[in-house]
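As recorded in TrEMBL:
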{"type": "TRANSMEM", "residues": "50-67", "note": "transmembrane segment"}
{"type": "TRANSMEM", "residues": "123-144", "note": "transmembrane segment"}
{"type": "TRANSMEM", "residues": "156-175", "note": "transmembrane segment"}
{"type": "TRANSMEM", "residues": "181-198", "note": "transmembrane segment"}
{"type": "TRANSMEM", "residues": "219-236", "note": "transmembrane segment"}
{"type": "TRANSMEM", "residues": "256-282", "note": "transmembrane segment"}
{"type": "TRANSMEM", "residues": "303-323", "note": "transmembrane segment"}
{"type": "TRANSMEM", "residues": "335-359", "note": "transmembrane segment"}
{"type": "TRANSMEM", "residues": "380-401", "note": "transmembrane segment"}
{"type": "TRANSMEM", "residues": "421-442", "note": "transmembrane segment"}
Amino acid sequence: MRRLPAFLSGENVRARAMRSSAMTVLGFGGGNFLRLLSNLVLTRLLFPEVFGLMAIVQVFLSGLQMFSDIGIKTSIIQNARGDDPDFLNTAWTLQIGRGVMLWLAACAMAWPASRIYDEPMLLQLLPVVGLSTIIGGFTTTKIAAANRHLRLGRQVGIDLGTQAVSILIMVGLAWAMRSVWALVIATLTTAVLRNILLHRLLPGVSNRLHWNRDAAREMIRFGKYIFLGTAAGFLINQGDRAILGGFIPLGELGIYSVGMLMGTLPFLLGRVLNSNVIQALYRMKPPAESAANRAHIHRARRLLVAGTLAISAVLAYGGIWLIELLYDPRYHLAGPMIVLFGLSMVPQLVFNGYGGALLSNGDSRRHFQLLATTALVQTVLLFLTIPWLGVVGAILAPGIASLATYPMKNAFTARYKANDITGDMIFLALGFAVNGMAVWLYRAEIAQLLA
């Protein structure tokens, strides 16, 4: 019992990692509970087409964000100058300039997007929702500093608080307006509120406009492969909706978004924990330095993989029941989608975090090569399977792509002794066996997706 207070208040790496993990899980769990709550209310106030429309808007905005990412946050976390005010303020200045350019790009893309998807509303929505990129540009670098030192408690509290306020605004506006603009106004209002609170309440360097040529050169040198890698990451994370939106009606895309919201929860949790905790551990305890470090990292990764696989199994077996309990019949096809996501997620959950091992060693070039190869394989699979299988192809393609690129992941991470073949094979076999059985049990329901 005496050890518990040390984990809660100690300042060693293990104590901070445990607290950061707990805060990340709390933030992720609380945030997704609030997101689910708002989704349940909004699906009763708005039509599925509204969610399909916003899904397309988010694809374009995410694409802009990812195609212009130069890895500012990652630079702060891994760079030796990550606590230097000149470095931080230069990063903030770069970030603001990027935000303004993103908004201009969103305005430029509005007309082509409205023609591609034959949806005139996109002409108005993209420039307005795109204002969030300018707001995001002013986000404080204190967030990256908190990640760097594994101190996430206050940030999680702010995020949950602003999300709760966002839901109240969104539901109130949706009830009054019954249109997609309710979601847009709430999104922008919340982004402004979150930015103000983060600047005022997080400890650390207060940002101001500043330019240090050496700092900028370091960030751009490191970030050039991050930029290319996140461009590939867009295809990995958003390619399914971008391609699927051209083949199915907006209403069906809205149902797919509901299924994806629940079906990908384990992967999103793993990604957040890897970004906030595991990547910092790779920097603090490099696996290549000692067998003890490798054992520590492998243990942390295996615990994370086991936990996320367990959550995916619960969703695979209970997803249909959960959707039928929570949503009206218009959204019930999202249930079998969750079952399929459980199978497709297995390799993605097992291999989640290997990219962080490369970035923590400053190897953004191989990180880009890995993402680019995965994006190429996945995009080819999406174009081949979506016309034939529809949403089933969109769900399964990312998992197949992740599995196909495993030899490359293993070869790259082996350079830093960060690979774990034994653990990977055990978890793959276990995940496919458990979640594959769920697909077999619910094969009749899944067949409805092909009808």
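A Cβ is built for glycine as well, from the same backbone N, Cα and C atoms used for every other residue.
Because TrEMBL annotations are produced automatically, they should be read as predictions rather than curated entries.
Simply put, out of 123-144, 219-236, 303-323, 380-401, 421-442, 303-323 has the most Cβ pairs sitting under 8 Å from the transmembrane segment (256-282). The transmembrane segment (335-359) makes contact with the transmembrane segment (421-442): 3 or more of their CB pairs lie within 8 A, with pairs spaced 6 or more apart in sequence. Long-range contacts of the transmembrane segment (421-442) within the same chain, counting only residues at least 6 positions beyond its ends with a Cβ under 8 Å from a Cβ of the stretch, are 298, 301-302, 305-306, 309, 312-313, 316-317, 320, 336, 339-340, 342-343, 345-347, 349-351, 406, 410.
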